[in-house]
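Everything on this sheet refers to the single structure shown next.
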Amino acid sequence: MTVEGETPKRCPECNSEHLIRDYEHGELICADCGAVIEDAYIDQGPEWRAFDSDQDERRARTGSPMTYLSHDKGLATEISWSNKDYYGKRIPHKNRAQIYRVRKWHQRIRVSNAAERNLSLALQLLNDIGAKLGIPKDIKETAALIYRKAVEKNLIRGRSIESIVCASIYAACRKVNIPRTLDEISKASEVNKKKIGKAYRHLAKELDLNLKPTTPFSYISQFCNKLDLDKQAIVISEDIVRQAMSMGISSGKGPTGIAAAAIYIASVKVGKPRTQKEIARISGVTEVTIRNRYKEISKALNISISE
């Protein structure tokens, strides 16, 4: 039950915790099933309207909010690359070479040493990987904060920037209970999965992250959504996982494999069968793993389906 005025923590339709606040439309949306949970959220943005970026800049009375995604936290002045002045007029060609030199030196001053240069590159990489994964800005901000803490404690030494960035994203996703698999992050970043896992364990230990272990429930909505399976399949999958966990079948086994096997069974039960190959592709586990988990679950729960 949700107390009046309190923000819901789970989607009432699919029970997912992956909720996104759309401030522009005043809505709280489930990222997994698309349900609009709230539609009357008060817009805390400016009272004025702007119809293009130039008008937006002219009407704004404050700068951009502080962000961990910029090496200077967004507090420094930036010179626009649009070749327009404050009033939106184009800068004459005769002055553009001078503006280019000013802009170039300004960039050099903003990133004045190797440490700042490395941080700037790392945060740009974090932004790029985050965009490929489709994760919201608040998770990227959390990942950037984790990365900054790693830099402060000198945890980057002896490891690649890429692996620590990926590990920070993985940790941030787990922290807000919207886990992404190591396979997903590896594909988006082209960094070896084992290196990411090793870097993550290093960060978790040294930064004392204390993240709870992921469970099969964390992946079911996400996987079902990718497989175009409805709420009924999600409910059945979760019920199968619940029974499997109560019988100790999931002990010592990867949560993604258990979730994938449960979804395989559920998809057949709801009349929308998905092949083990399809499920393996979106879950990042092998067909052999799905087959083994399926056999263990079906035997323990006495489930019989026509494959």
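Glycine is treated like the rest: Cβ placed from N, Cα and C.
Annotated Zn(2+) binding site per Swiss-Prot: C11, C14, C30, C33, in sequence order. Reduced to three states, the DSSP call for C33 (Zn(2+) binding site) is coil. Sequence-distant neighbours of C33 (Zn(2+) binding site): residues of the same chain at least 6 apart with a C-beta under 8 Å from its C-beta are C11, E13, C14, S16, S221, N225, K231.
Each residue of the repeat '1' (124-207) gets a DSSP state, and the totals for helix, strand and coil are 63 helix, 0 strand, 21 coil. The repeat '1' annotation in Swiss-Prot covers 124-207.
The annotation repeat '2' is assigned in Swiss-Prot to 218-299.
Long-range Cβ contacts of the zinc finger (7-38) within its own chain (Cβ-Cβ under 8 Å, at least 6 residues beyond either end) map to 44-45, 136, 177-178, 221-222, 224-225, 231, 234, 238. Residues or ranges marked as zinc finger in Swiss-Prot (evidence: sequence analysis): 7-38.
For the Zn(2+) site, the Cβ centre of C11, C14, C30, C33 serves as reference, and the other residues of the chain with Cβ at most 8 Å from it are P12, E13, N15, S16, H18, A31, D32, G34, A35, S221, K231. Around C30 (Zn(2+) binding site), the same-chain residues six or more apart in sequence whose CB sits under 8 Å from its CB are C11, E13, C14, S16, H18, L19, I20, I37, listed in sequence order. Neighbour density for C14 (Zn(2+) binding site): within 10 A of its CB lie 21 other CB atoms from the protein chains shown. Mean predicted confidence for the repeat '2' (218-299): the pLDDT average there is 93.
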